[in-house]
Amino acid sequence: MNFEGLDPGLAEYAPAMHSALDPVLDAHLNPSLLQNVELDPEGVALEALPVQESVHIMEGVYSELHSVVAEVGVPVSVSHFDLHEEMLWVGSHGGHATSFFGPTLERYSSFQVNGSDDIRQIQSLENGILFLTKNNLKYMARGGLIIFDYLLDESEDMHSLLLTDSSTLLIGGLQNHILEIDLNTVQETQKYTVETPGVTIMRQTNRFFFCGHTSGKVSLRDLRTFKVEHEFDAFSGSLSDFDVHGNLLATCGFSSRLTGLACDRFLKVYDLRMMRAITPLQVHVDPAFLRFIPTYTSRLAIISQSGQCQFCEPTGLANPADIFHVNPVGPLLMTFDVSASKQALAFGDSEGCVHLWTDSPEPSFNPYSRETEFALPCLVDSLPPLDWSQDLLPLSLIPVPLTTDTLLSDWPAANSAPAPRRAPPVDAEILRTMKKVGFIGYAPNPRTRLRNQIPYRLKESDSEFDSFSQVTESPIGREEEPHLHMVSKKYRKVTIKYSKLGLEDFDFKHYNKTLFAGLEPHIPNAYCNCMIQVLYFLEPVRCLIQNHLCQKEFCLACELGFLFHMLDLSRGDPCQGSNFLRAFRTIPEASALGLILADSDEASGKGNLARLIQRWNRFILTQLHQDLQELEVPQAYRGAGGSFCSSGDSVIGQLFSCEMENCSLCRCGSETVRASSTLLFTLSYPEDKTGKNCDFAQVLKRSICLEQNTQAWCDNCEKYQPTIQTRNIRHLPDILVINCEVNSLKEADFWRMQAEVAFKMAIKKHSGEISKNKEFALADWKELGSPEGILMCPSIEELKNVWLPFSIQMKMTKNKGLDVCNWTDGDEMQWGPARAEEEHGVYVYDLMATVVHILDSRTGGSLVAHIKVGETYHQRKEVSEGVTHQQWYLFNDFLIEPIDKHEAVQFDMNWKVPAILYYIKRNLNSKYNLNIKNPIEASVLLAEASLARKQRKTHTTFIPLMLNEMPQVGDLVGLDAEFVTLNEEEAELRSDGTKSTIKPSQMSVARITCVRGQGPNEGIPFIDDYISTQEQVVDYLTQYSGIKPGDLDAKISSKHLTTLKSTYLKLRFLIDIGVKFVGHGLQKDFRVINLMVPKDQVLDTVYLFHMPRKRMISLRFLAWYFLDLKIQGETHDSIEDARTALQLYRKYLELSKNGTEPESFHKVLKSLYEKGRKMDWKVPEPEGQTSPKNAAVFSSVLAL
């Protein structure tokens, strides 16, 4: 079972609480269950609780027969009826297993399976029992002896197992693969990759393997190849349980709501013959478990966590009379199982009790159970004692059975002869493309084998190892990919080619010739880059977010505002959203919605990017709405009604929120009306598949004003009745956000068919003009009307694949209705501009952005955005003087290119699929205050408390700024930063011996130091912050950073520990005030910190002491050569490095006469490089002295 959506109170059951084998009495246990249990000072008796009196069981009706305590106070994690003997197995959260014999539940055996992890699943075999924990599979005899113990990788998180036959086992978990284990050899035989990670439930029929995923999907896989044959998207939140019987698949789970995950009371039922969903089954309990109990009919048992159980038919209506209640000792039921004979049900609760319900007084768990072996007294034959100290003692005194068979140790000589394996033949492609240099041959890797490995399975094809994640090195390989020619070059997935210098010599200007900033794609979960750009180019959203600042450490609105500020400052250089995505990964709702991708899934493109970005779109709008609402108006939630209540109190609510009125009309005539709000709409397509014309406006109106027939409770009839549910709109949003939901071939065919119909109608409209010219060329097409109608299409090509209008008109009618139609230039001329808004309630929306999914099987696909950039953005970037126009651009990560407006609405469904649409009201910017007031104040530089618990004043290494020391424009600040590694670099070695970086190492800032650059306290640091991190550090780089394990841990660190956001605000204030930063290698420092600093505010000693086309010189060598200082002896110290960089800058001004004598300084640089070549750029070792650290400065800091 998937526990992600269960009650959060279960988190209190930590494994450390239950490490002891002998449990003690828990304070929460119901004392009524322990009436006949004798308590002694040593602990609590764990024998099965006897039934005090005979229980009357009615034949055919399930009633409780027995209740026992498995382990006092420890929640039951799994229960399982033995398939071979009359036994019930129970596993606990403390890793303890207990078995009970027969319907009286007599304790048979009890033993510890795992000392720390809970038992996830139990499977009975003929000779023993399989127990699955987090990363361990253990096979034990029924008495507790270990048969084998198979350890999995520590990174695995397993949840389910499935016995496919007597010797083969499948194990699945939260990873993106399923392991196949051979029980005879106890070895892994196969590793099947699954497209959707998180397999927590597995079932098997004679047709398919069924895999239930945490994302709410159920996939049907082939029994031989394990390939996906079909997939059902059951629930939007998560899957709780499912079962299969005959041709029916029933599921229960959780749906995503604005407040989180909610248990869905509709069971999704699917017909496996037609592979489609049938009418959902509405039940009266919150379903957490379900099982088919087929006796005379295919009954379903639905169990809630609170103990309610309901029986119903999967194709009928649920009856409230078919509900009985299990009385758990704890607050929740944790597990449920049905015996093979369907005569017994087992329930386990959160206080360690097991409840047995049966439909007969003497039930049997299996139709044909074998006899159970019970423990017998140990009978030992009396043998004479042997004194092993006597060398002459005859070994014949030890009884050994006589045998005529060959002993196992008598190994035949033929089996001992060495037989080396034959080397596999060289690939023919390698021989064909190989070039010889002397006696060594070089050839490109054809990628038909695993890198650096040669498998010896010569009879099997290795096509599954063919990797398409990277572009092949050979030009021949590129020519063999015909689908790349279908995808336009500018739409293909762009990647950064890394060199020895990293990104310094990568030509971003080749991809972006504008002054707008792209976003780098190599960061985890950077698939949302296109949506970040869309939000940035919405002027009211940009101004609102940049004015926001709060005290939360991980606030998406704050981090998005910092990123927007970087995009404003950039002059065509790409930015990266590392800090924003770092905060995004900490939001629990993002993880629950499946928005956080693993690195392997993102690199291979296994996730459905179209669905992912649409879920991300809904998530970010909801999150921004909540963040801004909490800050601006705390009482915003007091309103009555919908999902957001007083959504107008938040500016995000004013921009995106749409007030709705949901009406339910029963056939008895009673009507129920309730109000709600939504931030976006999802397109609902008509079922009609005919080729008739269907305007986009009609589909949009159908999606906004939904009407559907469903079963709902009627207060007047006091029962569930067929009702007509309609949704009407009360108020139109300023920004209309639409998720296209083109997730299957059905929707794609609808878009393709409507585009073809629209194209034919455009040709038919101008057929009179065409018939006049017999010989008609493409260039002769003039004055053809486009779907937008504002400008004329110059060619036929711009009319193809177009169904989406550039503008739509929406009007609220007097009877609460809504009229939607396409808006063209002629309509505006007809109605006049005065009609457009307040007087007549008519609003015109213009298309502002489209987000599309690019289908490319080689790279896994990508997401790009078409955005209409407004005049104000062009004016700020100073693209040209007096800019008054708008322009459409393509944003493909760091590739930005102006495009024709028709390209934004052309969707070739073979490779370009629409995902998200943004329409905005005309003259939207005039309604909102677009002034940006910097929310960062000077108080961020004042003294603050450290997060470290053990920090003392004697450990202080800096003096905070006083009020009279606040920096001014042009002041110097020495800066240095130290970093730690979160992920190692991924590189490959090419066939010619060169190294190619596939993915750079992911760095995180660990220490930031700023020192005063002028005044009486020059050289004394005023910022020396160690940055606390919650992410796992792979390498502290102590030799280069001086950071040691524990320095970043608030529990044991003695440093001045702060959050990244706190230190980021300090640096942002210094940048905004206009100080000049002096340091060595500041470009990399600012990049990892994720700051965009204007070039005139950076004084980098790397470039001050550098000659063109020469190597960069280290800070240590410069300090030794110019200042006669020997620094960075054992480790680096950021205070020392920042102070040294300041002194080097002073030396530069002295040598260059403040930059007035470049020729004399050029001579100094020439002598510097000559000295460096002679010394091999190495500083001579100090003789009996350590690197100077200016003891006077440190003593003054210590005294303070």
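Using the three backbone atoms N, Cα and C, a Cβ is placed for every residue, glycine included.
Per TrEMBL, divalent metal cation binding site is recorded for Asp976, Glu978, Asp1085, Asp1137.
Confidence across the domain 'USP' (517-922), taken as the mean pLDDT and rounded to a whole number, stands at 79. Taken from TrEMBL, the feature domain 'USP' covers 517-922.
In this view, Glu978 (divalent metal cation binding site) is surrounded by 25 other Cβ atoms within 10 Å of its Cβ, with every protein chain counted. Listed in sequence order, Asp976, Thr1009, Gly1079, His1080, Leu1115, Ile1127, Gln1128 are the same-chain residues at least 6 apart in sequence whose CB falls under 8 Å from the CB of Asp1137 (divalent metal cation binding site). The Cβ centroid of Asp976, Glu978, Asp1085, Asp1137 marks the divalent metal cation site; residues of that chain outside this set whose Cβ lies within 8 Å of it are Leu975, Ala977, Arg1007, Ile1008, Thr1009, Gly1079, His1080, Gly1081, His1132, Ser1134, Ala1138, given in sequence order. For Asp1085 (divalent metal cation binding site), other Cβ atoms within 10 Å of its Cβ number 22. Around Asp976 (divalent metal cation binding site), taking its Cβ as the centre, 28 other Cβ atoms fall within 10 Å, counting all chains.
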